[in-house]
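Some notes on the structure that comes next.
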Amino acid sequence: MVLIRVLANLLLLQLSYAQKSSELVVGGDECNINEHRSLVFLYNSSFGCGGTLINQQWVLSAAHCDMENVQIYLGLHNLRLRNQDEQIRVAEEKFFCLSNKSYTKWDKDIMLIRLNSSVTYNTHIAPLSLPSSPPRVGSVCRIMGWGAITSPNETFPNVPHCANINILRYSVCRAAYRGLPAQSRTLCAGILQGGIGSCMGDSGGPLICNGEIQGIVSWGDDICAQPHKPVHYTKVFDYSDWIQSIIAGNTTATCPL
């Protein structure tokens with residue numbers, strides 16, 4: 001299951017916000033209002049995804065979150081209450097590993113978005129650093145978003161929820177999901193006993209370890225947070241050179257094989 005959701009409701013409020021948003025965490029608690037300054041919401045009135053601000057003009061998300069006419073919301077907390085620090089941008093240009101936007105569940109599910117204008121940092125908006133090294137197995141990392149907090153009967157909050165999960169050995173994911181290759185440019189992460197995990201609509205959001213974005217929510221089981229059913233996250237460290245090359249202006253840079 002790719003962790004994306006068709007939103008049933010159009011955005012409400014003055015500039016229209018969704019009553020049911022598209023990024024969340026089963027088993028988490030409401031995030032501190034200053035904890036998710038890099039978290040962004042991608043929305044086009046039908047679909048929603050998460051993303052991560054990595055500098056004033058660039059957002060990182062998942063390739064399967066690509067959508068037309070997307071608006072990018074920064075500085076959000078409660079989707080039904082406006083705050084003065086919010087900013088909205090659109091995508092000026094999108095970059096993918098392959099020109100045909102091809103990706104698999106274990107490779108190249110990554111999208112880099114150049115915003116139409118630079119973001120102004122403030123109390124509720126700040127970038128997240130790219131990884132300096134990959135996370136170790138056993139590392140405790142943070143997930144966050146506004147999506148489903150129960151599964152399979154989905155309920156959605158108005159505020160983002162956060163939770164801690166662990167980096168697991170890739171062999172755990174291979175045992176949980178048949179057909180995976182021997183190696184992958186993904187991270188396997190979750191709680192083995194279940195009860196906590198990324199869920200429907202969390203796609204594109206961050207996996208944060210030691211203050212760095214180490215993963216991008218990619219896919220998991222149809223029923224979220226089940227025992228021995230962790231989630232796959234695109235391994236950002238493997239794409240760091242590609243990301244930095246694109247940002248530096250080398251728009252023909254290629255992803256790792």
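From the backbone N, Cα and C atoms, a Cβ is placed for every residue, glycine too.
For HIS64 (active site, charge relay system), the number of other Cβ atoms no farther than 10 Å from its own Cβ, over all displayed protein chains, is 20. The active site, charge relay system feature in Swiss-Prot is assigned to HIS64 (among others).
Per Swiss-Prot, the feature active site, charge relay system maps to ASP109 (among others). Secondary structure from DSSP puts ASP109 (active site, charge relay system) in coil.
Around the Cβ of SER203 (active site, charge relay system), the number of neighbouring Cβ atoms within 10 Å comes to 33. Positions annotated as active site, charge relay system by Swiss-Prot, on the basis of similarity to another entry: SER203 (among others).
What Swiss-Prot records for CYS31-CYS162 (among others) is disulfide bond. Taking all protein chains in view, 20 other C-beta atoms sit within 10 angstroms of the C-beta of CYS31 (disulfide bond).
Of all Cβ atoms in the protein chains displayed, 30 besides its own lie within 10 Å of the Cβ of CYS49 (disulfide bond). Among the features that Swiss-Prot reports, disulfide bond is placed at CYS49-CYS65 (among others), with the record citing sequence analysis.
Here Swiss-Prot flags CYS97-CYS255 (among others) as disulfide bond, drawing on sequence analysis. CYS97 (disulfide bond): 23 other CB atoms within 10 A of its CB, across all protein chains.
Per Swiss-Prot, the feature disulfide bond maps to CYS141-CYS209 (among others). Of all Cβ atoms in the shown protein chains, 22 besides its own fall within 10 Å of the Cβ of CYS141 (disulfide bond).
Look at Swiss-Prot and you will find CYS173-CYS188 (among others) tagged as disulfide bond, backed by sequence analysis. Look at CYS173 (disulfide bond): DSSP puts it in a helix.
The disulfide bond annotation in Swiss-Prot covers CYS199-CYS224 (among others), and the record cites sequence analysis as its basis. Around the Cβ of CYS224 (disulfide bond), a 10 Å sphere holds 30 further Cβ atoms from the protein chains shown.
For 25-248, the entry in Swiss-Prot reads domain 'Peptidase S1', with the evidence type sequence analysis.
Around ASN44 (N-linked glycosylation site), a 10 Å sphere centred on its CB holds 13 further CB atoms from the protein chains shown. Sequence annotations record features per position, and here Swiss-Prot assigns N-linked glycosylation site to ASN44 (among others).
The feature N-linked glycosylation site is assigned by Swiss-Prot to ASN100 (among others).
Long-range neighbours of ASN116 (N-linked glycosylation site) (same chain, six or more residues apart, CB within less than 8 Å of its CB): ARG89, VAL90, ALA91, GLU92. The N-linked glycosylation site feature in Swiss-Prot is assigned to ASN116 (among others).
The annotation N-linked glycosylation site is assigned in Swiss-Prot to ASN153 (among others) on the grounds of sequence analysis. In the three-state DSSP classification, ASN153 (N-linked glycosylation site) falls within coil. Within 10 Å of the C-beta atom of ASN153 (N-linked glycosylation site) sit 6 other C-beta atoms, taking all shown protein chains into account.
Here Swiss-Prot flags ASN250 (among others) as N-linked glycosylation site, drawing on sequence analysis. Secondary structure at ASN250 (N-linked glycosylation site), as computed by DSSP, is coil. For ASN250 (N-linked glycosylation site), other Cβ atoms within 10 Å of its Cβ number 11.
The signal peptide annotation in Swiss-Prot covers 1-18.
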If I take the alpha carbons of CYS199 (disulfide bond) and CYS49 (disulfide bond), what is the distance between them in whole Å? 12
If you draw a 10 Å sphere around the Cβ of CYS199 (disulfide bond), how many other Cβ atoms fall inside it, taking every protein chain shown into account? 34
Candidates CYS31, CYS97, ASN153, CYS173, CYS209 (recorded positions); nearest Cα to CYS65 (disulfide bond) turns out to be CYS97
Going by DSSP, give the three-state secondary structure for HIS64 (active site, charge relay system). helix
